């Protein structure tokens, strides 16, 4: 962790808690690691991980494109300064408004099911998503390439769909795949690439092979990149990748304050952030590193619990911490992805502010919501 206690205390005093923090140096370092590993592959940031407009502008200035899964994300990419050639519209259930926006912007559309052939705007530029139907090393809610997944076409459906798209006058670039998120084993990617390349005998060469993202934070990027380039080479295709969590997770933290403790057979450390600010531990069973910003002689085992009136509002269970007291600051690591982007206004709790550490000061990226912001659209 590159942030000092003094800097964190300063952030809490200036912006309050809960508070999302990002480190500009680590954002740049993560992108550099991807660029180094994947070489000349085109990078499209999966903005669902963290769509803050300031981060998007940063990536756009670095030449990164954007993978979008909604009208709002397409418009965010446009607002960040990206042209349509750097946008991909993905998703299993696209709306008419999303098709229209993709056509206006000139974005590449990922065809996720056979009936999309007749729904596409005329002359669309497309990729066809193939589902390799395999089990991967991640939480079931994060696996998108299993046989039971709602995403993509079966390998058997791909040749006919490609032919229909060409007959309909669309520009077919190639194939798309994405097997999940936070995948631990590089072998999963090797197996998925192998299944996709089996299609070469049935569909011929391609202009593009998009292999998605989904790499865990400690993944062997060089090994995955080598296998991905080999798969693209089978088709004679340019390689595209879609990192999301890998680019932003380690560059972000959630700063929360202890509001009290409770001992009722279990020790509860009660903090001012919970499921409304940080849903991943509850939704995916995700484990995140905790950094107590206090010292104490005694260390005990604690459950870290949020303020929501839900039994499942637990950030962590059974973790060793120095004995906490009201007012102490607790830092939650690897929170830059699917943290702020999945925060909600459940219980009419305003969403947190977001700030960036530039190396010498804090830059406000998003102000803290007010209660009035929450009901402003209600009539």
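Backbone N, Cα and C atoms are what each Cβ position is placed from, and that goes for glycine too.
Pulled from Swiss-Prot:
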MOD_RES   48  N6-(pyridoxal phosphate)lysine
BINDING   214, 242, 243, 244, 245, 338  pyridoxal 5'-phosphate binding site
BINDING   245, 280, 284, 310, 338  substrate binding site
ACT_SITE  309  active site, proton donor
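Features per Swiss-Prot, on structure.
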residue	record	CB count, 10 Å
48	N6-(pyridoxal phosphate)lysine	19
214	pyridoxal 5'-phosphate binding site	30
242	pyridoxal 5'-phosphate binding site	22
243	pyridoxal 5'-phosphate binding site	24
244	pyridoxal 5'-phosphate binding site	24
245	pyridoxal 5'-phosphate binding site	24
280	substrate binding site	22
284	substrate binding site	16
310	substrate binding site	15
338	pyridoxal 5'-phosphate binding site	25
So residue 309 (active site, proton donor), by the Cβ count within 10 Å over all chains shown, scores 6
Roughly how many Å lie between the Cα atoms of residue 280 (substrate binding site) and the residue listed as 'N6-(pyridoxal phosphate)lysine', rounded to a whole value? 14
List the Cα distance (Å, whole number) between residue 242 (pyridoxal 5'-phosphate binding site) and residue 310 (substrate binding site). 35
Nearest recorded site to residue 214 (pyridoxal 5'-phosphate binding site) by CA-CA distance, among recorded positions 48, 284, 309, 310: 48
Per the 10 Å Cα distance test against residue 338 (pyridoxal 5'-phosphate binding site), the recorded positions 48, 284, 310 reduce to 48
DSSP-derived class (H/G/I helix, E/B strand, else coil) of residue 244 (pyridoxal 5'-phosphate binding site): coil
The recorded positions listed are 48, 284, 309; by CA-CA distance, the one closest to residue 244 (pyridoxal 5'-phosphate binding site) is 48
Longest inter-residue Cα distance for the pyridoxal 5'-phosphate binders 214, 242, 243, 244, 245, 338, rounded to the nearest angstrom, is 15
Out of the recorded positions listed (245, 284, 309, 310), which are within 10 Å of the residue listed as 'N6-(pyridoxal phosphate)lysine', Cα to Cα? 245
